[in-house]
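Written below as C-alpha cells is the structure these notes are about.
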C-alpha cells in the first residue's frame, strides 16, 4: 500500500505542469503544521501559567473576532483570490493592484464602522449575550482590533492571489509565531493575568501591517507605466463576494449542524463522542486546505485565459494529489480507529468507532471529487455553488431531524456525509453538463481502460 502511494506521488512530482501547485501545497501544509504546533505550545503556556479562566477568555475573544470579521470581510477574501490572478492575466499587475486596493479600503471602512458599533455595545455584549459583565473591557478592546483582523484575513488571501508561495507560508505562521514571541518575554519579565490577551491582539496587528506592506511591495515590483488599466466598481466586487460569503457561511453550518442537533436530541456525552470522531476524520483537512490554497489562483488564471483543457488537467491532478495524500491517514483510522479513540480520549469513546468509519468513508469520496467548491468560485459559478450548498444544508437538516432521534450520533454522521456528498456530486454533474468533463479522480481500471492515469 505504502509503495503504491509512493509511486503515485512520484508521478505527480514529475509533472512539470503541476509542479507549481505541488510545491506550493508542500509549503502551505508545512506552514499549517508548524503554526498548529506553535499554537499548541502557546496554549500550554497559557494553561499552565495563567489558568483555565484566562484561556477561556482568549478563546471567547478569538471566536468573537472570527464571527465579526465574517461580516466585515464580506467574502472578499475569496473573491480577491479569484480577481487578482484574473486581472493580472487579462490586463496588468496595476489593474489587479487597483482592484485589491479598492477592496482593501472597502474592508477597512466597513471594519471601522463595525468596530465603533461593537465598541459602544461592548457592555451589552458582555452582559446580555454572555452574561459576564466583567468581560466588557475585553470586548471593547477586541472591537478596536477588528480592522486589523479583517485586513490580516484579506491580505493572507491576497498573497495567495499573487502566488507568493513562501510568503503565504510565512503569513500562515506569523500570527501564532508573533503571539508566542511576545507572550514568552512578558510572562517572564512583567507577568500580568491579561498578558495572553495583549499578546493575541498584538500578533493580529503585526500580521495585518505585515500583509499590507508585503502586498504593496509585491505589486510595485510587478507594475510598469505601460500597464493596461481596467477599473472595477465596488458594486461588481460585492456582486462576486457576497455569494461566496453566503456559501462559506452555509458550508460552516453544514459541517456543524450535526453537533448542534445532537445537542438538542441526545445527552452531552453523545455530543462529545461525535465531536471526537469528527476531529479525527477531518485530520485530512490540512491536505485539502494546502492543495486548495495553491490551486485556487491557478484555476482562476487558466479559466480566465481560456485554457480549459489545462484547467481540468490541473484540477484532476489536484484531486489525485488530495486522494493519495489522504488515503494512508484514512485507512489508518479505519483499521486502528478503536485503539486510537481509546488512546486519545479514553475507553468510553470507542463507541464512536462506527461514526468515525462513516465520516472517513465520506472523506474518501470527498477527496476523489477534488476541489469542487474552490473550482466553482474561481470559475465564476459562485451563485450556482451557493444554491447547491443551500440545498445540501436543507437536506442535512431534514435528515438530522429524521435520523438523530432514532440512530443518535450514527444518524448525525450519515446525515452530514449525505449533505456533503450531495453537494460534491451535484457540482460534478454541473461540470459534466456545462464542460463535458469533471474534476474527479477515479483511481480504478474498468474493462481495460484506465481512468485519471
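Positions of Cβ are set from backbone N, Cα and C atoms, glycine also.
What you are looking at is a predicted structure, and each value in this text was computed from that prediction instead of being measured.
These come from TrEMBL:
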- 21-50: transmembrane segment (TRANSMEM)
- 56-84: transmembrane segment (TRANSMEM)
- 105-125: transmembrane segment (TRANSMEM)
- 137-155: transmembrane segment (TRANSMEM)
- 167-191: transmembrane segment (TRANSMEM)
- 197-216: transmembrane segment (TRANSMEM)
- 237-265: transmembrane segment (TRANSMEM)
- 271-291: transmembrane segment (TRANSMEM)
- 321-345: transmembrane segment (TRANSMEM)
- 351-376: transmembrane segment (TRANSMEM)
- 388-407: transmembrane segment (TRANSMEM)
- 413-431: transmembrane segment (TRANSMEM)
*Cβ-Cβ under 8 Å with the transmembrane segment (137-155): same-chain residues at least 6 beyond its ends*: 57, 61, 64-65, 68-69, 72-73, 76-77, 80, 103-104, 107-108, 110-112, 114-116, 118-119, 122, 125-126, 171, 175, 197, 201, 204-205, 207-209, 211-212, 214-215
*Report, as numbers and ranges, every residue of the chain located at least six residues beyond the transmembrane segment (197-216) whose Cβ falls under 8 Å of a Cβ in that stretch; write 'none' if there are none.*
54, 57-58, 61-62, 65, 100, 104, 138, 141-142, 145, 147-152, 154-156, 158-159, 162, 164, 167, 171, 174-176, 178-180, 182-183, 186
*asked:* Under 8 Å for C-beta pairs, could you tell me which stretch among 105-125, 237-265, 271-291, 388-407, 413-431 has the largest tally with the transmembrane segment (21-50)?
replied: 271-291
_Proximity verdict for the transmembrane segment (237-265) and the transmembrane segment (167-191), three or more C-beta pairs under 8 Å_ = no
*Segment proximity, the transmembrane segment (351-376) to the transmembrane segment (271-291), 3 or more C-beta pairs under 8 Å*: yes
